[in-house]
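Novice: Before we start, here is the structure in question, set down as structure tokens.
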Amino acid sequence: MHPCKEAMKVSDGSLLGDPGSTPLSKKQGVKWQRPRLTRQALMRCCLVKWILSSAAPQGSDSSDSEVELSMVRHQPEGLEQLQAQTKFTKKELQSLYRGFKNECPSGLVDEDTFKLIYAQFFPQGDATTYAHFLFNAFDADRNGAICFEDFVVGLSVLLRGTVQEKLKWAFNLYDINKDGYITKEEMLAIMKSIYDMMGRHTYPLLREDAPLEHVERFFQKMDRNQDGVVTMDEFLETCQKDQNIMTSMQLFENVI
């Protein structure tokens, strides 16, 4: 099975968590705990798989990365500060940084790189539009480039964040023009980009009008005051209360 498709079965690789199912390794009723993100679990995420495939061999001197972190052209913040900002360990950050440095010597990732990554992992569809939207969600200051800090902070939320943190990140993805509201057109654009990327060979086979049906159903529930837009509060409240929406949005687990 494709590594990214395996991700939808791994709770610490999901975008929104899955309250409807519990991994075999966890018992029912156990409160959410920070999972141990092993290299194997990391490699189920497309972006991390891309980065770690370029990381130096595990036997290399990990202290080198700490020194290099303070020497690159676009200097990321120190390891301790990144540890405080994320839920990654020092070793995990060093591995991520080694791969990031190898793939992006300038210390920055651009949108074209995102498009290449997702074209590689989803060759059966057209990932261009989704990669564009995802890049913009990571590009917090909207300057057309993502530095190492922004990259790992975003990954930390997606891989290890609480349900609330992941939902806020998802809202930011849907809010294409970043005006603080989600319109039906924005939600449809994101959904359609995901369906386009998944391609025509998904199982079960998706109908042409599936994205629109998804959006109509979501929007009807989320737009509480029927003003034509969904606010952050409406989004968070509806998603956390509606089991069907949370389950349906697991489509994201397959595409991070």
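Heads up, the Cβ atoms here are built off N, Cα and C, so glycines get one too.
Unlike curated records, TrEMBL annotations are generated automatically.
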Novice: Which stretch, out of 1-30, 211-240, is listed as region 'Disordered' by TrEMBL?
Specialist: 1-30
Novice: So what pLDDT does the domain 'EF-hand' (126-161) average out to?
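Specialist: A mean pLDDT of 92 is what the model gives the domain 'EF-hand' (126-161).
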Novice: Six or more residues beyond either end and a Cβ under 8 Å away: which residues meet both conditions relative to the domain 'EF-hand' (210-245)?
Specialist: 16, 19-20, 163-164, 167-168, 170-171, 174, 180-184, 187-188, 191-192, 194-195
